[in-house]
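In what follows, a single structure is set out as structure tokens and then discussed.
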Amino acid sequence: MENAVMWNHSSTTEVTLLGFSHHPGLQVPLFLLFLMIYIMTMAANISIVVLVVADWHFHTPMYFFLGNLSCLEVCYSSTILPRLLASFLAGNRAISIHCCILQFYCFGSLTAAECCLLAVMSLDRYVAICRPLHYAALMRVRSCLHLAAGSWISGFLSTIANTYWMSGMALCGPTDLDHFFCDFTPLLKLFCSDTSLMALVTLLLSALFTLPPFLLTLTSYMCIITAILRIPSSTGRHKAFSTCSSHLIVVTLYYGTIIFVYVLPDTDTLRPLNKLFSLFYTVITPFANPLIYSLRNREVRETLRRAF
């Protein structure tokens, strides 16, 4: 009997992403909305990558890291949105457990990589504003390559252990996942085994790969704001702040929504709000980042205008 039960558990190979199925009348409008967001996200981020690569005016550390961020946002959006669009269009919300775990791995890795990359970008702005005479020596080509590669590698190393752990666990029915993508907390509830140790290990790894970048970003901007306030002229303060204001907006939007989602208790009452704020850092932030950088950067605006 016990063998039969275990066979039934292990034979369950699909997960149903409930997503926004509670609003059946909104499936077509939501499909069109997210399709437009996805197309614009891809077009805007790819445009910035091409601009940074093709135009020698943008061969500077700041734009090099911006190009890496846009490349990351392309991967980030492509991890979440195509599957969400398919569920709206075809109505099929089933996904194999292996694809679900793979989506979680990509999402978790890219989230950690973005935290590291935002920290690197804040460090670049700190050196530019607080140590301008040392900027050329500190932010050399090799240093920038090492910082960018370290961000990507750290991100993809951050979720290997728990992804491998998950891949060997059996599912228990029902396998309805009340989210629009395979996030860690709702996915963990679907496994038969005791997952308390995995949750603890994941918490420690998340703290290791995201807390130091967050503290570095916070410290860098505290030093930047202090340095800007010491500038005697208002024109100088405005010019210094304009070089980092776009990045500060992106950091606030990204970390603000992530902290809100993962600090919020996972209850039936707050779950719809959790989904809403998850949309901000998985869908809205990759869409908004290139707009924030291009709209607030005169050099990028003028170059794009000439290119088109």
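Placed from the backbone N, Cα and C atoms, the Cβ positions cover glycine too.
Quantities reported herein were computed from a predicted structural model and do not represent experimental measurements.
Pulled from TrEMBL:
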- 30-54: transmembrane segment (TRANSMEM)
- 44-293: domain 'G-protein coupled receptors family 1 profile' (DOMAIN)
- 61-81: transmembrane segment (TRANSMEM)
- 101-123: transmembrane segment (TRANSMEM)
- 144-165: transmembrane segment (TRANSMEM)
- 197-229: transmembrane segment (TRANSMEM)
- 241-264: transmembrane segment (TRANSMEM)
- 276-295: transmembrane segment (TRANSMEM)
Using a Cβ cut-off under 8 Å, which residues of the same chain at least 6 positions beyond either end of the transmembrane segment (276-295) come close to it?
34, 37, 40-41, 44-45, 47-48, 66, 69-70, 73-74, 76-77, 80-81, 107, 111, 179-181, 183, 246, 249-250, 253-254, 257-258, 260-261, 264, 301, 304
Same-chain residues at least 6 beyond the ends of the transmembrane segment (144-165) whose Cβ lies under 8 Å from its Cβ atoms:
61, 64-65, 68, 72, 101, 104-105, 108-117, 119-120, 123, 184, 198, 201-202, 205-206, 208-209
Can you tell me the mean pLDDT for the domain 'G-protein coupled receptors family 1 profile' (44-293)?
85
